[in-house]
Amino acid sequence: MYLGDYQYYIEKVEEAEALKAHQEEQSVNVQAHEKSMEQSSYHNQKEQRREQRKLERQISECENEIETLETTILQIDEQLTQPEVYNNPQKANELAIQKQDSEQKLEHAMSKWEELQQKL
């Protein structure tokens, strides 16, 4: 029951309908925003998984390179202990240079591996 005339009643009904419509619109906006946030979160998670796989692949490649370089250094060391190489200064010098180059590459690969591990 409304106190007042018919016009007052109509105004109050229209206000109530407008308020209800506004609340429904806000509810739809909130739902749309939540859905948008879920999609954004999904895309962020997908991007993070992609980056993690990329890092894991790079780490694996680095580990393979490190293993290859360590094997190369061991082979050079073994060759340097051979009497025919030891007695040939030119060959020994070439192997020493190769070993030094491999050790520098190994050091670089290990620092890269550590950097990638920290990112992971």
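Just so you know, glycine gets a Cβ as well, placed from its N, Cα and C.
Because TrEMBL annotations are produced automatically, they should be read as predictions rather than curated entries.
Feature annotation from TrEMBL assigns region 'Disordered' to 21-57 (among others). Helix, strand and coil counts from DSSP across the region 'Disordered' (21-57) read 37 helix, 0 strand, 0 coil.
The feature compositional bias 'Basic and acidic residues' is assigned by TrEMBL to 44-57 (among others).
What TrEMBL lists as domain 'ABC transporter Uup C-terminal' is 52-117. The predicted model assigns the domain 'ABC transporter Uup C-terminal' (52-117) a mean pLDDT of 93.
Residues annotated as region 'Disordered' in TrEMBL: 99-120 (among others). Residues 52, 55-56, 58-59, 62-63, 65-66, 69-70, 72-73, 76-77, 80 of the same chain sit 6 or more residues outside the region 'Disordered' (99-120) yet have a Cβ under 8 Å from a Cβ within it.
Annotation source TrEMBL lists compositional bias 'Basic and acidic residues' at 100-120 (among others).
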Secondary structure tally of the compositional bias 'Basic and acidic residues' (100-120) (DSSP, helix then strand then coil)
20 helix, 0 strand, 1 coil
